[in-house]
Number of protein chains: 2
Amino acid sequence: MASVTVRSSSHDYEVLIGKGLRHNLVEFISSGYTSILVITDSTVKDHYLQDVKESLSEATPVFTAVVPAGESSKSMVRYEELLDSCVDVKLDRKSLIIALGGGMIGDLAGFVASTYLRGIDYIQMPTTILAHDSSVGGKVAINHPKGKNLIGSFYHPVKVIYDIETMETLPESEIRSGYGEVIKHAFLSDEDWAHRLLKGKLSELSVKQLESDIMKGIQVKASIVEKDEREAGIRKYLNLGHTLAHAIEAELGYGEITHGEAVAVGLLFMMKLSNELKGAQLPIQAYKEWLDDNNYPVSVLTRIRPDRMLERMMLDKKTLRRKINFVLLHELSDPYVVEIEEAQLLEQMSLLINEVSGE
Amino acid sequence: MASVTVRSSSHDYEVLIGKGLRHNLVEFISSGYTSILVITDSTVKDHYLQDVKESLSEATPVFTAVVPAGESSKSMVRYEELLDSCVDVKLDRKSLIIALGGGMIGDLAGFVASTYLRGIDYIQMPTTILAHDSSVGGKVAINHPKGKNLIGSFYHPVKVIYDIETMETLPESEIRSGYGEVIKHAFLSDEDWAHRLLKGKLSELSVKQLESDIMKGIQVKASIVEKDEREAGIRKYLNLGHTLAHAIEAELGYGEITHGEAVAVGLLFMMKLSNELKGAQLPIQAYKEWLDDNNYPVSVLTRIRPDRMLERMMLDKKTLRRKINFVLLHELSDPYVVEIEEAQLLEQMSLLINEVSGE
């Protein structure tokens, strides 16, 4: 088992990563809780809920709440239902919520924990690769019909327990989604790591490499959020690829493509902007090939309209006075934030769409 | 103009108290905001919204959102509507929310501010005496059908601007409600002040005394919350009278009696418990007379059932392992927290109900 300690303004917390951790929860979870509510989704439930319940202390009452799988559950309706569940099972201030699932569950259950009785403890138990990103850093949220994560808080878990075995049941699309954020973390931090990833195929991934990539990703994320918890400065770098990704997800409807796939496509646009507008020499051709080799849905670009994307980016919370800030790269591992004019964005987006369409 | 500085874990903020402050907002509010949303209720709107809008800088776009007056607006439905308003007028991370109104508006608008884009700045502009309590300390919340303030956050305003002139339009019931919390602050902190209040009649209150009472109340509140922001210890003292008050409000339906009136009745029960069970000698007779003289609705006690009150107190967030903690007084200005058995609570509540019924 490996571990990383994350420092936050309210408290420090540990991220534990290892095989089969879900079978030994009693070792990692304080016995002082009056009750525990495990929040999970309809897919994860069938795989791991029983294991988790069995490995918690018999001395503590354990309740469960299950929401439908998929990003569309990160909604006001599910948020309200879960708060009702907290009230119904009488969670008190010394109760614990466990978020068992991917990023959707972590964000949703974390937001419930942050606002029930003005905040009770919660533990993240990520079951996807993608969630290596969202489970660290304290951002919890639900979506609004007009934008992703528009409603939420900054609220840190008391622990993150990452059972690497739960990655073994992931479908190909989820591995692809997770590596959208993994490669972002590599682009942000480590040129060698990035090139190594670009040379590999996800279908040939070993468990050992997966574990190492997740650990490295968490370290990148943790080191940035520790320095800038509330996104006043460098935390913005973590939005690399996300400005377009959020707009695509909102436009297509959440759940149409996965978040990490959208990020992977957003990173392509980031490379385009960095190279064309700012003279960088990022390996866009190698990245395009990697996206193709691993079946990333780059073709979604042919289904979007640049003007509508622009309107959605305006609403994005990183927007200030209707100008659009982008995170770009001078080179791999060297990010910066820059304001880009609407006309240039429209032009580069059209060019990229044409390239992808094969024109 | 008087001012008090409140220290919080995230930032310090000023409470400004004075006459006519609403006409000079441009002096007190940073000019750096991209836009401002004033959230108020249907009653306050008619009195003060125009003044507030006129005194804000013309350089900043100002939007307004109005909810129906009354505690029933502290609901999930209004919360959602207000978040929609924030999205519709495109508030961004550099926007400001102004909560113009009583405690309901402060709690509701503060909760919106705390969760829109994971938290944007807000300013409290209390227009009631009662709100001298809720506007300081960072507790923001909405109600759940099963309990008051069950959903919320700890989130501090960037400023509190208390225009004492806005108290002049308050109906008698609102003055009574406000003094429920004022006398609580006196009971908690200052025997002389408490006795002085008990000797006075609210109908004969001077503006000067009102200003002084509000200032003293805010100082008591601020000094306690600074030492214990998240209610781990002494902040619990502020719940003096509130355990029964919340149960009464929930039982009768929010809005049936005002919060401060419920607190005033809860304080009577607190005195009864302190004297009968713990041998204190609090001036319960003088307090009863003060309640009668000032038309507090003590008779609500004849409309409640002790067993149902007990069930509701169990749900109260101060409850742990189904035991009920009460804040009592050894003597005036000397509070403590103690666990009280269900049987004793039922007995003392029945006794008090009988006394009030005149049996």
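Every residue, even glycine, has its Cβ placed from backbone N, Cα and C.
What TrEMBL annotates here:
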BINDING   A:Thr127, A:Thr128, A:Lys139, A:Lys148, A:Thr166, A:Met167, A:Glu168, A:Thr169  NAD(+) binding site
BINDING   A:Glu181, A:His242, A:His259  Zn(2+) binding site
DOMAIN    A:65-176  domain '3-dehydroquinate synthase N-terminal'
DOMAIN    A:178-319  domain '3-dehydroquinate synthase C-terminal'
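Structure with TrEMBL features highlighted.
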residue: A:Thr127; record: NAD(+) binding site; contacts (Cβ under 8 Å, 6+ apart): A:Val44, A:His47, A:Tyr48, A:Leu100, A:Gly101, A:Gly102, A:Asp163, A:Thr166, A:Met167
residue: A:Thr128; record: NAD(+) binding site; contacts (Cβ under 8 Å, 6+ apart): A:Gly101, A:Gly102, A:Gly103, A:Met167, A:Leu170, A:Glu174, A:Ser177, A:Gly178
residue: A:Lys139; record: NAD(+) binding site; contacts (Cβ under 8 Å, 6+ apart): A:Asp107, A:Asn149, A:Gly152, A:Phe154
residue: A:Glu168; record: NAD(+) binding site; contacts (Cβ under 8 Å, 6+ apart): A:Val207
residue: A:Thr169; record: NAD(+) binding site; contacts (Cβ under 8 Å, 6+ apart): A:His47
residue: A:Glu181; record: Zn(2+) binding site; contacts (Cβ under 8 Å, 6+ apart): A:Ile129, A:Leu130, A:His132, A:Asp133, A:Gly217, A:Gly260, A:Val263
residue: A:His259; record: Zn(2+) binding site; contacts (Cβ under 8 Å, 6+ apart): A:Glu71, A:Gly103, A:Leu130, A:Ser177, A:Gly180, A:Ala245, A:Glu249
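Proximity to chain B, defined as a C-beta distance under 8 Å, is registered for the following binding-site residues out of A:Thr128, A:Lys139, A:Thr166, A:Glu168, A:Thr169: A:Lys139. Remark: A:His242 (Zn(2+) binding site) has A:Val263, A:Gly266, A:Val327 as non-local neighbours, by Cβ distance under 8 Å and separation of at least 6 in sequence. Within 8 A of the CB centroid of the Zn(2+) site residues A:Glu181, A:His242, A:His259, the other residues of that chain are A:Leu130, A:Asp133, A:Gly180, A:Lys184, A:Gly241, A:Ala245, A:Gly260, A:Ala262, A:Val263, A:Gly266.
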